[in-house]
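Feature list (source: TrEMBL):
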- 124-221: DNA-binding region (DNA_BIND)
- 2-116: domain 'Response regulatory' (DOMAIN)
- 124-221: domain 'OmpR/PhoB-type' (DOMAIN)
- Asp51: 4-aspartylphosphate (MOD_RES)
Amino acid sequence: MKVLIVEDDPQLGRLLGEILQASRYTVVRAVTCAAASDALAGSGFDLVVLDLGLPDGAGLDLLRSWRRAGFREPVLILSARDSAEDKVAGLDAGADDYLGKPFDLHELHARVRSLVRRHSLARSAVLEHAGIEMHLHSGVVVVRGEAVDLTQREYAVLEVFMHNPGRVLPRKLISEKVWSSNYDVDANLLDVYMGRIRSKLEKAAGRQLFKTVRGVGYQLV
């Protein structure tokens, strides 16, 4: 499990990182809005822990921009702003949970586990977008009522897009999700799989489903 910690307080950031790493989470830290957005765009995360007071912008504005851009990762806000109004504003901006500072470490652990578990369960049923149905338990893909036969690797690539519909996905992120090691995307391996998936799905759909974003990656439109 991979967690992005967005916290500008170096002492608290280190503490959070140590706590989560001790529970076998992989941790990436960011101290600014810009660094956090770069990290989120470049790699997939199972959870984002977000402080609201960042040196280059407001955490709530950052969260709103993520949600508008299609980022669906669960977000836990950690903030000293602990009034009911602050919590409502955070949840309305797109947060999945809100924990005031100072916080109890056991409660933090429990909330992290709960969010990761809920996120995992939400990803485990049927994904639907643009006329595509992806049945994760059975491995069946249906487009406009027609079953489409995909190889195991093609299915894995499509699943990355179905979890992130409308989002422009960098090649590196797709490769990290599909292959255990980061293949050299310049070797055109990903392009080969994208060509096969497009051919199969767009034939069944009767229209374009994927867009190539030059110099970045691909988008399921």
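Backbone N, Cα and C define each Cβ position, glycine as well.
A TrEMBL annotation is a machine prediction, not a hand-curated record.
In the predicted model, the domain 'Response regulatory' (2-116) shows an average pLDDT of 91. In terms of DSSP secondary structure, the DNA-binding region (124-221) contains 39 helix, 26 strand, 33 coil.
Residues in the domain 'Response regulatory' (2-116) partition by DSSP class (helix H, G, I; strand E, B; coil) as 54 helix, 28 strand, 33 coil.
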